[in-house]
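Participant: The following feature annotations were taken from TrEMBL:
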ACT_SITE  450  active site
COMPBIAS  78-93  compositional bias 'Basic and acidic residues'
REGION    65-93  region 'Disordered'
TRANSMEM  133-152  transmembrane segment
TRANSMEM  176-195  transmembrane segment
TRANSMEM  207-229  transmembrane segment
TRANSMEM  235-253  transmembrane segment
TRANSMEM  318-336  transmembrane segment
TRANSMEM  366-390  transmembrane segment
TRANSMEM  436-457  transmembrane segment
TRANSMEM  463-482  transmembrane segment
TRANSMEM  494-514  transmembrane segment
């Protein structure tokens, strides 16, 4: 197919040599613009090339001047500059010419429209290779619209249910023993530091050091438990104190375990007479004080540091923290409390009614849980890390993409996961304990602390939280089996959301609420 024809006016006037030179220059211009699949679009042809070809044609057409006229045109720089200026002035005309060339040479009727095998975007083979950003935006819009309607409907039907003393009431003044207990817990790290300092100077044996650390860590748990059980405190205050106590306990265990390991390494270096024996083991109060307030549960002598504190960024994150905390309170007071109060005990009433209550409670409970995760693991821990210039801010991974329960527990709470791996799981493996038993021990420790954080503030030991965490072990086996069976990330992820967030948490909320209400009614 001819791409470019020679002007008719060229044939009768040009000499043979002029025509040959014209064809040669035209072919060179064509080759410059030819790609792997033919011509580039007309937009790739600039005005300079068009003007150059016109010059060649004009010089080749004459009264036998031939090479003399062409050489004179090539050497005439002023003429070239004038033509380029005309091309700039007549830019719109050049664009029209380029568009005409595009339609003339690139979009011919004989050009194939179907060149290779392709799948539809929503077919099973191509759906996961496509971007679904638009559908995601649609889901967000629909979610906002549906929940806005539900909020308006709830307010019209029940009114504003948030109590006047939701944030602060006269009953909160009775929680001052819990505040004093929380403050006095900070004396335990000081005691642990004194123990480690004496161990560094070899003023006590290793056995005595271990006994003292066990005593200190046990006091970090038993002391808050006794304070909560003896005081008539609010549930939220008790939960906060138990969370602080568990964090202090885990930090003290890491501090003692890490220093013991460094002492053993220092002894090994002493035997081989290396000069690094003293530098690898150092007991510093500054490092302990930083560790106790840092957003980590694993002790080490130094941490990655950021160069500065972004004050504006901290202010923005703090505003988000206040907003999402208020949103959690609104959902709890406006939705969760009425649903729970109008329900029956899930194990004693009608089965269908219990299922309906669980499903109705699952949506607001899921919203509260997601807000809690965002407030604590993203906002609060990042604010704390920014203020302390703490560099390692991997507080969570993409747990929402977890295909199994096992993956979820490894990704959603990275500080606890790193602590479990460092101080529970691998020490068990190094002592010859099988992998499955080590995993069971890790879940057992997690179940005990979940039960303490919920049962102690409720003053009710029904072991629902303990059973719920230990039930994760068969779920880990089941979801791993389903993942291997179907080889699909979608199936495993759906099973994770169904088991953990839709059924598990709402059931625990109903169980604890009705047991607490029954305990209070029987006490009266």
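Every residue, even glycine, has its Cβ placed from backbone N, Cα and C.
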Participant: Any chance the transmembrane segment (436-457) and the transmembrane segment (318-336) are in contact, meaning at least three CB pairs closer than 8 A with a sequence separation of 6+?
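Facilitator: With fewer than 3 qualifying Cβ pairs, these stretches do not touch.
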Participant: For the residue listed as 'active site', which residues of its chain lie six or more apart in sequence with Cβ-Cβ distance below 8 Å?
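Facilitator: Expected: 465, 466, 468, 469.
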Participant: If you count every Cβ pair below 8 Å, which range out of 176-195, 207-229, 463-482, 494-514 shares the most with the transmembrane segment (366-390)?
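Facilitator: Answer, by Cβ pair count: 494-514.
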Participant: Below 8 Å between Cβ atoms, which of the listed ranges 176-195, 463-482, 494-514 makes the most pairs with the transmembrane segment (207-229)?
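Facilitator: Top-ranked stretch among 176-195, 463-482, 494-514: 176-195.
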Participant: Which sequence-distant residues neighbour the transmembrane segment (176-195)? Criterion: at least 6 residues beyond either end, Cβ under 8 Å.
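Facilitator: Tertiary neighbours of the transmembrane segment (176-195) are 204, 209, 212-213, 216, 219-220, 223-224, 227-228, 231, 233, 237-238, 240-241, 244-245, 248, 251-252, 255-256, 283, 285, 288-289, 292.
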Participant: Which residues of the chain, 6 or more past the ends of the transmembrane segment (463-482), have a CB below 8 A from one of its CBs?
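Facilitator: Long-range Cβ neighbours of the transmembrane segment (463-482): 403-406, 409, 439-440, 443-444, 446-448, 450-451, 453-455, 491-492, 495-496, 499, 504, 508, 511-512, 515.
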